[in-house]
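S.K.: This structure is in structure tokens; I'll ask about it shortly.
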């Protein structure tokens, strides 16, 4: 299946989609009537479990819809544990001196040269003696294949006991990584993989003979300590994948730390996360001693190729009218429209359909595979407008989006501007050197305040646009 790695056959993708139908997205619990005006109640806040499932499901969705590697323009920043040691990067897999069966496996996956993150990460991960690594890496950058390569490089196939341990936040994400291991290791028939996930029962007293174990923290901890199916002292490589998803569940964080403490001192520790908020950093530093660090440089996240505007309105009907005026005046190839709640998203999609637009709706209650199908249709241009809530659209890349509309401005759970989400939303439009257009709908003093704070944060002026003035709208399209 397409993990965040290589172009694989479409039928494999479809098979994986079918196998994933059990994972559902939880309903957004935070409601807002107008931009950023949030009403919470004791029952309206997301539980940690729901938040984690949102992130885990989002990550899974990215894997299902990813057909190739993302061309990441961010500069990679490398912080070495030992600054005096030479810094290597590679431009080909041959330079890594892999075992022939492993190189064969890499090429069989359709991978011809390392991605940007792999160029820097692989020499560190394959170094002798082994080095620890904390890496920031988005979906689609080839990090799964990178750590699978590291695990397969260190395994002794003749030794029939677990030597590599990989933690994933959910059963479904563990399966995705497992598929990459099976594909890359297919010319190593003696290499075996075990899944340490709930429901996979072994007899008491039994020992795991597979060399690689991938699983969720709770089950892996049981297998290592209580049930003693695995001897943690023999583990050579420990991978903690999707750390930001993992720590959204308190239990997973504690379990991961307990597993790490059972491992030998010379075990190689590799941790990956798409984001590095403070909580992720603290966790990473607890589980990965003396690490090399690979980060994406923040200043690369530029808004220079995107023209940003705001429109003043009094209510959602006026916002809708402004939207119609935009559509009437300029040619929009494809647009993404973000709403704060599912209710608003559903209403807006229905209104746009009545106006004759081909509209796709990404909604929180959809199964992951349904959402993957909606995104594919939008990618193929079958629908020209995608209306979505924030929860659904994190991390989804569609190259031909020319306009992003914030029907509601992004705010965090406390009602403050969510700058990272703003950047992420509008960053979909100014890609690959093209000019993009972002339009923000403002309908209250509060949302004007949010907009002003977003301007200050990015140090970029957002111009006012009068959508009743056709000449003015036509100017912004040029």
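Heads up, residue numbers simply count up from 1 along the chain you see.
Cβ coordinates come from backbone N, Cα and C, glycine included.
Swiss-Prot lists these features:
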{"type": "BINDING", "residues": "118, 137, 138, 139, 140, 141, 142, 143, 144, 428, 431", "note": "ATP binding site"}
{"type": "CROSSLNK", "residues": "26", "note": "SUMO1 cross-link"}
{"type": "DOMAIN", "residues": "305-473", "note": "domain 'Helicase C-terminal'"}
{"type": "MOD_RES", "residues": "42", "note": "phosphothreonine"}
{"type": "REGION", "residues": "2-299", "note": "region 'N-terminal lobe'"}
{"type": "REGION", "residues": "34-53", "note": "region 'Disordered'"}
{"type": "REGION", "residues": "54-67", "note": "region 'N-terminal helix'"}
{"type": "REGION", "residues": "300-478", "note": "region 'C-terminal lobe'"}
{"type": "MOTIF", "residues": "91-119", "note": "motif 'Q motif'"}
{"type": "MOTIF", "residues": "241-244", "note": "motif 'DEAD box'"}
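What's the neighbourhood like for each of these?
M.R.: Under the three-state DSSP scheme, residue 144 (ATP binding site) falls in the helix class.
Mean pLDDT for the region 'N-terminal helix' (54-67) in this predicted model: 73.
Residues in the motif 'Q motif' (91-119) partition by DSSP class (helix H, G, I; strand E, B; coil) as 16 helix, 0 strand, 13 coil.
Listed as Cβ neighbours of the motif 'DEAD box' (241-244) (distance under 8 Å, sequence separation of 6 or more from its ends, same chain) are residues 55-56, 59, 144, 147, 166-169, 173, 177, 271-277, 280, 283-284.
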S.K.: With every protein chain in view, how many other Cβ atoms are within 10 Å of the Cβ of residue 142 (ATP binding site)?
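M.R.: That number is 24.
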S.K.: Within 10 Å of the Cβ of residue 144 (ATP binding site), how many other Cβ atoms are there?
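M.R.: There are 28 of them.
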S.K.: Work out, from DSSP, the number of helix, strand and coil residues along the motif 'DEAD box' (241-244).
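M.R.: Tallied per class, the motif 'DEAD box' (241-244) gives 2 helix, 0 strand, 2 coil.
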